[in-house]
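Q: The structure that follows is given in the form of structure tokens.
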Amino acid sequence: MVMIRWMQNVSKKWLITTIAIIAVIAVVGVTVLNGGLKKPTQGTAAGSGQGNQRAAARQFAVETQVVKMQEVTGGQVFTGSITPQYTTNVSSRVAGRVTDVMVKVGDVVKVGQPLAKIDTSTLEQQVAASQASVAVSAAQYQKAQSDQASGLATAEKQLAVQQANLNKALMDQQNTVAAAKQQVALSQANYNKALSDQQNAIATAKQQVAISQQNLTNQINTYNQNLTTAQNTLSAQQDTLQGQQNTSSNSTSSLQLAVQQAALAYTQALSKGVKTDIDTALAKLQAAELSYDQAQQTPSTSVITAQSALTKAQADLASAQSSTIVQTAQEQLNRDLLALTTAQNNLQIIQDSNQQSLQKDQLSLASTQAAQDTNLNVTKAQVASSEQALVNAKATDSLTVSSAQYQQAQVALKNLQEQLQDGVLNAPLDGVVTAIGTPVGQNVANNGNLITIATMDPVQATVNVSEANIGKMKVGMAMKVDVPTLGKSYDGTIASIHPTLDSVTKSYGVDIKINDPKHELLPGMFASSSTKSEGRKAIMVPADAVLSQPSGNAVFIVGQDGRAKKVTVKVGTLTSAMFEITSGLKEGDEVVVKGQELLSDKAAVQVVQPGQEGKTQQGQGQGQGQQGQGQQGQRPQGQQGGQGQQGQGQQGGQQGQRPQGQGGQQSGQEGNQRPQQGQNPANGGAQGQGARAGGGQ
């Protein structure tokens, strides 16, 4: 962890060291001009009295920042670097010597921009030779085309004649076959009509037979019914006559008995001798005899009627038995059956006759079609032969070979011309040049890597996140990315989370897409990231503004009198570049963020804009300055700057210019340690022991 933090702040530490050396040189120069430099005691600039004199003699150039409430970042810090979205190696498609490289490392290039040139003199000679070969092949191809044209005309003429013959044969075949088909259709129609007519006649005959059969059945039923009726009537009349006769006989017997009874009564009356009784009995006897005589002499009317009915019934029975209606119906049925048989026989005759005629016409049609097909096939074969001759005339071997040679020469020329164009390498995409693999004058092989381009739009930082924290990372999460090299922070969002665990670091890579509208970031820059906000605000100051001293953590603020004032503070959450101040500062204070290492309490200061830390009221200075044991508030004891020769600088020398020959070892501890924190930092580091970059630890 110490090494990671050392890497994180090494660039900023060089900057601070440079500023300190420049300031020391300026102080030494001013002191010499005022009467000589006195040796400072340890822990002080040169003693309290001399320090005040030097402070009064000049003002220290510092940068300040107004204290205000800011959002507290998540505190969890993850380190990594600025990485391109992807890197492209621009390789040469031709081999040769590199004659010009038009870009340098760090250049921003656009797609299509020329990058380098390769010697193509040999290719130019090959292109000239290939152009001559194309011209020869074109002439040979034109001659082959001319030779083909004459043969093609003859073949086309012959094909036209054979095509006309084929058309005529097709027309003849169509007409002949059509006539034969028409005859077959006519025969079929006649056959169908005769068959239909005869079938209708048979149907009519069958219908008539059915009618006659039904009539015969009806007549037989009628005959049987009439005969049965006559027989029944005769039997009934016979029974009636017998009954009447029995009745008449019974009546005569009764009359005869009445006569006998009357005679007996008369005899009895005579025997009695009573005249009246005799007369009465006689009268009754006479009446009975008269009735009996009349009954014997005159038959009964009912008997006569019954006799007549019996006679009629006998006549009806004889008539029914002698009826001819059944015979007549049978004769009609026989005639109808004969007509049906005749019609059926005629149907077979018609079928046989018309079937033979139809088959004859069908055979004629098949024969005609076969003959026409044979003729047509012969004509088609002749046309096919002419077509093949035309194909042969169109695609002769000589023309094919000439065409292939011509195309081959054109392709070879095109390839050489493309290779000639490939002599200039263009950028395939927008990006930043990160490496030049082949310098000017060196030969490059085919597909050899010349230039490496990294895409920086969009720009991203790739940081390492431990297994314990990777579950908190989500794609789209807002993050804050600090780049110490530029001293700036950027807003970003997580674009992707690498799915593979690094077996060495036991961490996962997380890509953070950064909003960098000014395109200030370059690949490889050290970067640290933390979650963007904890949802609360606090006083936040740059970590470099806080000095760790035996008496506690402190910062310098600029008072209203223009002098530095040391203020003891307590620190809270630590991010990659900012400390939360929990006490000692308030909103509106003007805290020193650069140049505080050289300050002492009540030192006169001059607030300058970023980039002007080297400007002083005295302006130019020259000399050698050795940074010994630091003043109060200066970074640790024993920091040796070596020979910090700045040379004759322009007024207010440039920030960031490293002194030549600086190489002393920084071995101090107090100034190299981060301030003792009042609480555990949110990034999980050890309390109060986060070493700043540039320390000897």
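In case you wondered, yes, glycine gets a Cβ from its N, Cα and C as well.
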Q: Which range is it, out of 287-314, 315-342, 371-398, 399-426, that shows up in TrEMBL as coiled coil?
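A: When 287-314, 315-342, 371-398, 399-426 are checked in TrEMBL, coiled coil belongs to 399-426.
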Q: I'd like the per-state residue tally for the domain 'CusB-like beta-barrel' (462-533) from DSSP, helix first, then strand, then coil.
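A: Counts, helix then strand then coil: 4 helix, 36 strand, 32 coil.
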Q: Given the model, what does the mean pLDDT over the coiled coil (399-426) come out as?
A: 73
